[in-house]
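Trainee: Pulled the feature table from Swiss-Prot, pasting it below:
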- 32-49: compositional bias 'Acidic residues' (COMPBIAS)
- 66-76: compositional bias 'Polar residues' (COMPBIAS)
- 77-95: compositional bias 'Acidic residues' (COMPBIAS)
- 114-124: compositional bias 'Polar residues' (COMPBIAS)
- 32-135: region 'Disordered' (REGION)
- 484-504: region 'Disordered' (REGION)
- 158-197: repeat 'WD 1' (REPEAT)
- 202-241: repeat 'WD 2' (REPEAT)
- 245-283: repeat 'WD 3' (REPEAT)
- 286-325: repeat 'WD 4' (REPEAT)
- 328-367: repeat 'WD 5' (REPEAT)
- 412-451: repeat 'WD 6' (REPEAT)
Amino acid sequence: MHTHELFKTPLEEDEVEVSEDDVVGFIAEIEQEVVNESDSEIGEYDLGDDIGAPEPFERAAANAEDSISSDGSFNPNDEDSDTDSDDSMLDEPDEAAVGGASKAKRRKDDDGPSGSSNRNQDSDGNAFDMDEDDETDETVRAIIAAIKKPRSAPPEIKLEDFITDICFHPERHIIALATIIGDVHLYEYSNEENKLLKTIEVHAKACRDVEFTEDGRSLITCSKDKSVMITDMETEKLKKLYETAHDDAINKLLVLDERLFASGDDSGTVKLWDFRTKDSIFELKEIEDQVTQMITNDQKKLLLATSADGYLTTFNIGARKLYVQSEPYEEELNCMGIYRGNSKLVVGTSKGRLYSYNWGYFGYHCDMYPGIKSPISLMIPITERIACVAGEDGNIRACHITPYRNLGVVGQHNMPIESMDINTNGELLASSSHNNDVRFWNVKYFEDFGDIKYNEKHNAYKDKRHNLPSSKCTNASDFFADLAKEDNNDNENDDATAGPSNTT
């Protein structure tokens, strides 16, 4: 606004005979009321109460209106009023205060002549705010309920060092974590927390595999330093050391029973050991590359080994000789599992395929499944028909064996998965990744999973990406299903609360 507009000369028709004392008194009342109102707003941060002017201010404004506006010539909102000009010239520092009072007056005028309208609007506004607060509270309560929901699996374990292998104790709630610096960490796990029991320094170089003996009293570890160690879990004392167990770095261990265990190294040598002897009781070199996994069935007559050179090699434990070696595959054979009552062997490969063999006939596969189309490095049998496979993509997927079917995602890691194991009762799956973390997945729900029929229709694309109950992610279909369920519940509630129709 220009200066000449602020200080223009009042017109004769705008002049009002008001004494200076009345003007000063009126301004003082407004200033005091605005100060009180500002203090109230600053102290309580309650903007809802500021919609209507306080009662003392209403009385002051009403008195001023009766005394000054009785002749009808005085309008506080008129910019051309000489009183406004005089007020601005008399007390410029209080312009903000007068402006605040004018806004409060305008709010009062908009509310109507009666204060009841203002109070009704306050009530409506408060009710609206309460409705919004109720919705917010429901959302917050839902989030809190999800956070406080009882855990079905232990929390994550995070280490500073790379985790090379994990193994569950056969009887107790203890898990062993082998690390790249040669240590083994023993954790007691529960759904509430994980507790570090002890750290055992076993090897000078990377500890590549860790296994518990059948009674759970000792740990068997192998290392890049070519040694095998047997350590008492409770006392941490070394019970036996095979300092040069292999000529090359040892990669895999397998406990056969209370007396025997097997080891395989990076050059393909497989050895059989007896806890009671100093040297190996059997050694065979039929593989030219790293032994990736070893397995046996309940009868423990045959020892099977997969290798990075694409062979499945079977040894006769009793006869201590080669049983059969498969035809070579143009891909790495990384992992395997036994299913269907020890009648089927399934092998996972670096190309994401799954080869199925009839037990005892390991020369060539009888079935080939497309798998997950990404390298499969780990496999854990969950039931007689269901396997969990994992690899470089960081996902743990469940597969149904014979007929083959992708069931969905069991769990996820942010980086490639390095090792997996399942506890004795088959309900808890653990996995470690290149992110130095161990995560747990409750897979008990597979016990109630029915058999799949060969001709059953399914969507392979959706099945592969479907998130199972143990997954940390949810399915979009579940989200929209919940929304539809909420809408149906709301409609039912509306129908229940609706009164009888008044139409005739």
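Cβ atoms here come from the backbone N, Cα and C positions, even for glycine.
Remember, it's a predicted structure, so these values are computed and weren't measured experimentally.
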Trainee: Cβ under 8 Å, sequence separation of at least 6 from the ends of the repeat 'WD 4' (286-325): give me the contacting residues as numbers and ranges.
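Mentor: For the repeat 'WD 4' (286-325), the sequence-distant neighbours (Cβ-Cβ under 8 Å, at least 6 residues beyond its ends) are 251-254, 256-257, 260, 262, 264-270, 272, 331-338, 342, 345, 347, 357, 359-360, 362-363.
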Trainee: Tally of helix, strand and coil residues over the repeat 'WD 3' (245-283) according to DSSP?
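Mentor: DSSP composition of the repeat 'WD 3' (245-283): 0 helix, 20 strand, 19 coil.
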Trainee: Which numbers of helix, strand and coil residues does DSSP report for the repeat 'WD 1' (158-197)?
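Mentor: Helix/strand/coil tally for the repeat 'WD 1' (158-197): 0 helix, 24 strand, 16 coil.
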Trainee: Taking helix as H, G and I and strand as E and B in DSSP, count the residues of the repeat 'WD 4' (286-325) in helix, strand and coil.
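Mentor: Tallied per class, the repeat 'WD 4' (286-325) gives 0 helix, 21 strand, 19 coil.
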